[in-house]
Amino acid sequence: MKSSTLAGRKVTLTIVSLLGLALLLTGDQLLANTNVSAPNQTETVDTWFSSGLLVVALIALAAGFVHSGIGFGFGIVAIALMPLVIDARQTHLLVSLAAVPVQLGTVWAYRKGVVWKPLLFALIGATIGLPAGLWLFQTINLDWLTRGTGIAILFMIGYTFVVRSQASRRSSAQSAPPADRIAEGDTQDLPSSKRNSREAAGASAIGVASGFLMGAVTMPGPPVVAYALQRDWSQDEFKTFVNQFLLALSLFKVAGLFVTAGVSQQSLFESLFVFPAALIGIAIGKRFSQHLSTGGFRTIVAVVLSLVAILLIVKGGG
């Protein structure tokens, strides 16, 4: 028990340290940018490969570590930090491309514990939300949308805690006398089909929301994570569901970007340098996450979501 607690603290410290390092590096990059004159095109390319690409790769490594360690977060962390170094719209394209191999690596690492029914309903919803999000990405002010996303994340976290407290009350009610449990069980047996339809509707709804956010701001994680936290799933089931869903969304969005000619050769070239760093972070996060208890796991998920939500509200679209 003591060793498990120490391991959990080490994981938390490592996550905080990686994010802190990324923030320090982006801060140094911002200071450097304010102290130089406007460069020509050749100097811009040299600066990108000498410093910008290194910082972006380190951010990708930290985002990959967080993603693998808690089951989500690559897009959220990368989208929150990379605009401090590179253009916000370029960030969205780069993260969208890099997310495909990142999700492939994570899905392979957590390939056990597939939950098919919620996954299929969520993907059906995503096919509705993603086109609307892509349209909004090209027409609406990203600053408004990003701040609104942060507010929505905080609401979803609060809703998740309400649901978890209700679930704990239901489980404590099972310790009631047998007669009471039988009576309660009879009332629960009646709406079983209705409960299944509600679960299908809930999975489809988070699919629409995540698909919309993926298309608009490349941050599809919060709705699907909030939904998965409400389920009584193990860590492997949680991570498998979330990452298989996010992989499908990433493939859908990249296909949409190619159709709309939103991907340039430069974006493809840059993504080849970024995603290996993210895969290294995933491998490290996979190793550390095995020492996390379920309670510590859920706490870190909620804390990371809250911090990122506040950052999005304060920073906006970059």
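Just so it is clear, glycine is given a Cβ too, placed from its N, Cα and C backbone atoms.
Database features (TrEMBL):
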type: TRANSMEM; residues: 48-81; note: transmembrane segment
type: TRANSMEM; residues: 116-137; note: transmembrane segment
type: TRANSMEM; residues: 144-162; note: transmembrane segment
type: REGION; residues: 172-196; note: region 'Disordered'
type: TRANSMEM; residues: 200-229; note: transmembrane segment
type: TRANSMEM; residues: 241-261; note: transmembrane segment
type: TRANSMEM; residues: 267-284; note: transmembrane segment
type: TRANSMEM; residues: 296-314; note: transmembrane segment
*Folded-back contacts onto the transmembrane segment (144-162), same chain, C-beta under 8 angstroms, at least six residues removed*: 136, 213, 216-217, 219, 222-223, 226, 229-230, 302, 305-306, 308-313, 315-318
*For the transmembrane segment (116-137) and the transmembrane segment (267-284), does the number of C-beta pairs under 8 Å, pairs 6 or more apart in sequence, reach 3 or more?*
no
*asked:* With CB pairs under 8 Å as the measure, which of the listed stretches 200-229, 241-261, 267-284, 296-314 comes out on top against the transmembrane segment (48-81)?
replied: 267-284
*Would the transmembrane segment (296-314) and the transmembrane segment (241-261) count as touching if the test is at least 3 Cβ pairs under 8 Å, pairs 6 or more apart?*
no
